[in-house]
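These features come from TrEMBL:
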- B:20-194: domain 'FeoB-type G' (DOMAIN)
- B:333-353: transmembrane segment (TRANSMEM)
- B:389-411: transmembrane segment (TRANSMEM)
- B:441-461: transmembrane segment (TRANSMEM)
- B:482-501: transmembrane segment (TRANSMEM)
- B:507-528: transmembrane segment (TRANSMEM)
- B:566-587: transmembrane segment (TRANSMEM)
- B:730-755: transmembrane segment (TRANSMEM)
- B:762-784: transmembrane segment (TRANSMEM)
Amino acid sequence: MTTLDQLQPGQMAKIVRIDGFDGIASRLREMGFVPGQSVQFLRSAPLGDPLKCSVQGSRIAVRCGEARRVYIEPIAEPALVS
Amino acid sequence: MASSANPTLPSAGTTVAKVTSRVALVGNPNTGKSTLFNALAGMNVRTGNYAGVTIEKKIGRCDLGGSDSSGDRRVIDLVDLPGTYSLAPRSPDELVAVEVLTGDVESESPIDVIVCVVNATVLQRNLFLVSQVLELGKPTIIALNMIDTADARGFVIDVDQLSKNLGVPVVCTSASRRTGIADLKSAIRGELEQADSESVQMSKRDRPLPSEFYEVCDELRSELVSRACTTESLSQRAAAESVLPDQYLIERMLLDRGGEAERRAVRSLGAAVLPAISAAREKLAEKVGDPIDMECSARYSWAARSLQDVVSTKLAKPRNATDWLDAVLTHRVVGLVCFFAMMFLIFQCIYSFSSYPMDAIEYGTGLVSDWVTAIVPPGMLRSLLVDGVIAGVGGVLIFLPQIALLFFFLALLEDCGYMARAAFLVDRVMTLFGLSGKSFLPMMSSFACAVPGVMATRVIENRRDRFATIMVAPLMSCSARLPVYLLLIGAFIPSASYVGGFMSTQALVLMAMYLVGVVVAIPVAWLLKRTLLRGEVAPFVLELPEYKVPSASVLFSRVWEASKAFVVRAGTMIFAASIVIWFAGFWPGDHSRQFEIERELERLESIQVAASESPASELAAEPEIVTESPELDEIAAKIETLEAEHRVLSASLLENSALGHIGHVIAPVVKPLGWDWRIGVGAVASFPAREVIIATLGTIYSLGGDVDEEDEGLMSALRASKWPDGRPVFTVPVALSIMVFFALCAQCVSTLLVIKRETNSWFWPVLSFSYMTVLAYFGAMLTYQVGTRFF
C-alpha cells in the first residue's frame, strides 16, 4: 500500500482509505475520494506540485501534502468506468 | 437574449402576476448552475448578502408562464446559492446556505421547492450532494444539466429510471443551449401546485444512511429536549422543541465533529449539550463505525444504488477535448508559455480596445460640462457643478470601458474553465509567499478594481489564506491608479525609446508601477502568514472543470453587474467626495471678484468668437461689429490680463481655503517626499478615492476641475509650478515619488468597506489602511531620496 503522490503519470489505483477526519479529509471524501473508488494520476503542475488526478469522472487538483493522506493500492489494468 | 425567460412584471396581458413561492437552486460548482439561473431569471436579478456573513445570494424573478386554477400567472423568486460539494456546514457561511434551505433564516420565508442542479457527466459524484438535499425533506427537482455533453461523451442516461430510483422528478437540461428550460419550469410548477393542493406528507424516500443512525439521531433529539426543559409540562416541552434546530441540523451535529451545527447548538443551548452529542457519537460509532466514514460510504453506495440500470456507456471511455487541451495548457513548459501569453494578451486588449469608448466618454463629459457652462452663469452653482460634480464623476466614469473589458476577460477565462488551470499552474509559486493558487483569480481581478477582487476571495475556503489575499489584493495596481500614472508619466518622464521603438521609458515606468504593488505584496503576504495569520498550510483541493464554450448570458451579466456597481460607485461616493473637496477648496473666501472676471472673460470671448466667425464682407453690414473690430487686439490683450489675474486670484483663494489650511498643516509631513503643500492636499483629498487626485490637482492648479490626465493645461501647469525660491516643484523624482505613493496607498473607501463586509470586522480594514499608508509614505520617501541622487 502506498499513497497517491507516489504514482506515475497515467497510473491507476484503488483508494484504500483517507487519513484523518478533519475538514480536508471530509472535503476529499465529498469530492469522490472514497475507499473502493479508482483514481488515476494524470500529471503534476510545472513545479511538481499540485497533482492532477481523475476520480469518479472528474479532474481534481490536490497538493502533494493532501495526496499523501490518500492511501491506495496501485492496479495494473485500467479500472472499469464507474 | 433571454427574452423568453424575462418575466414581464406586471404582465401586460389580462392576468396579474403574483409572487407566491421561493425556489432555491443548489448544486456542485461547475454544474452550469449560474447559466441555468440566468436562463430562468434573465436579467431580472439582484444580489445581496445575508446579514453578518459573507455568503452572497442572487435572487431572480422567474415567470413560470401559463396560469393556474385561479387564473393568475405564477411567478417565483429564484434563490441562487453558492456552489457547494456538500451540505455539511463547516463555516458560518455554509450554515447560512443550509439554513436558507431548511427555512431557519428568520427574516425570510422558507423555500418551497429545491432545484438540485447536477452535472450529467459526473453523475455519481453529484449524487452525494443530492442525497443530502433529499434529506431536507423538501419538494425537490433534479435538473440533469449538461445532458448534451454527456450525450456526446457516450453516456446513455435512463431519466425515468433515475427519477423512479430517486423518488423525485428529473428534468434534462442544457443551460448553455437553453434546452429543457420550459420542462424545468413546468416541473417547478407541478411541484408547487402539488404543494398547494395538499399538505404533502413527503413520501418516505430511500434514506441513504443506515437506520441505526436515524435511531441515534432521534435519541439525541429527545435528550436535547429533556435537557432544555426542567419540568415535564407539555407547553414547556413544546417551547424547548421549537428552540431546537431543524432535524437536518441535528443530523449534522452528530456527523460533523467540530462543525458549525455543533457550534450553533452550543451557542443556543449551552455547553451542556456537548456531552450529550459525544455520547450519541460514541453510541453511533459502536453500531456503525466512525460517523464520517459511515456517512461517506453510505452516501456513495446510495448513489451507486440509485444509478443502477440508469447509466450505460456507448463508448469505451473516450479521450475528450478537455484532456487534449489540458495536455497543452497544463504542460510544464507549453502551459506556462500559454499562461503568460494569455495574461499579456488580456492587458494588451484592455489598453488597445478601451481607448475608443474612453474617448467617447471623455467627449460626452466635455459636452455636458460645456452645456452646463452655457446655461449656468459664473458663480458658486456653476463652480460646484463643473469643477466639483462633472469633473469628479466624469473623471471616474472614463475608466468604465477598461473595467468592463477586464471583467469580460476574467469572466471569459473563468466560464470556459481556464481559471482553475491558472490556479493549478501558479499554486506552487504562490505557496512560497504564503498564498495559494486560489488567490490568483482575486488578485487578477484586483488589477481592475480591488472591490470585486476582495469579493472574489470567497473562492478560498481557508480563512487565513482568504484574509491574507484580502490584505494584499488592494496592492494590485487597480484602474483608479492609472490616471495618476498617465498624467505624471506624460508630464515628466521623457519619451525616449529603445529597441527600435518597441520599448519606451514611459511604458517601462508604467510597467514598473504595476510591478511595485506585486513585488510589495510578496513580503506583506509572507509576513502576515507568519504573524497574524499564522497556522498550518491550508489544503488545496480544486476541481478542474471541463472546458466549455462560455455562455454569453453569464458573460454579459457579469460585465453588466460589474459595470453597474462601478457606475453606482462613481455616482455616489465619488460624487459626494467631489462636492466635499470642492467645498473645502471654495470656502471660506470671497469669490465675487473671481466670478466677475469670469463673466467679463466670457463676454469678451463671445465678442472675439463673433468677430472671427463673421466674414469680412459682412462686417460692413454690421456696424456694431465694425466699430469693435479695431479693438480685437485690445480684447485679446485684455483677456490675457484677466486670465492671469484669475489664475492668481484662484490660487490665493485656494491657499486661504479650508483645503489650503489643511495643506499648510501637512506640508512639513510631506516635505521629505519632495512634495509641496498642494500635492499634499491632493493626496489628502484623494483619501476617499484615488481618482479624486486628478480633479483636485486641477482645482489646485487654478484651472478648475475640468482637467484630465490628457489635459495639456494641467500637465503644463504642473511643469510650471515653482517653490517660493523659484525651483520647480515637479521633478522626475517628485513625479516618481507621487506615483509610488499612489501605487501603495489604500486610498479607496469602497475597498475598505468591502474588506469590512467580507471580514465582518473593523480590524482588517483599519489594518490594511494603516499598513498601506505607512508603506506608501516610506516607499515615496525612499523613491524621492534615492531619486534625487540620480537626477
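From the backbone N, Cα and C atoms, a Cβ is placed for every residue, glycine too.
Counting only same-chain residues 6+ beyond the ends of the transmembrane segment (B:389-411), those with a CB under 8 A from a CB of the stretch are 346, 349-351, 353-354, 357-358, 361-362, 365, 368-369, 372, 419, 441, 444-445, 447-449, 452, 479-480, 482-483, 550, 554-555, 558-559, 562-563, 566-567, 569-571, 574-575, 577-579, 581-582, 689, 691-692, 694-695, 698-699, 704-708.
Among residues of the same chain six or more beyond the transmembrane segment (B:730-755), those with a C-beta under 8 A of the stretch's C-beta atoms are 450-451, 454-455, 470, 474-475, 477-478, 480-481, 484-485, 488-489, 491-493, 509, 513, 516-517, 520, 569, 573, 673-675, 679, 683, 686-690, 693, 718-719, 721, 764-765, 768-769, 772-773, 775-777, 779-781, 783-784, 786-788, 790-791. The transmembrane segment (B:762-784) makes contact with the transmembrane segment (B:507-528), as judged by at least three Cβ pairs under 8 Å among residues 6 or more apart in sequence. Counting same-chain residues at least six beyond the ends of the transmembrane segment (B:566-587), those with a Cβ under 8 angstroms from any Cβ of the stretch are 380, 383-384, 387-389, 391-393, 396-397, 399-400, 403, 449, 451, 653-654, 657-660, 662, 685, 688-689, 691-692, 695-696, 699-700, 705, 749-750.
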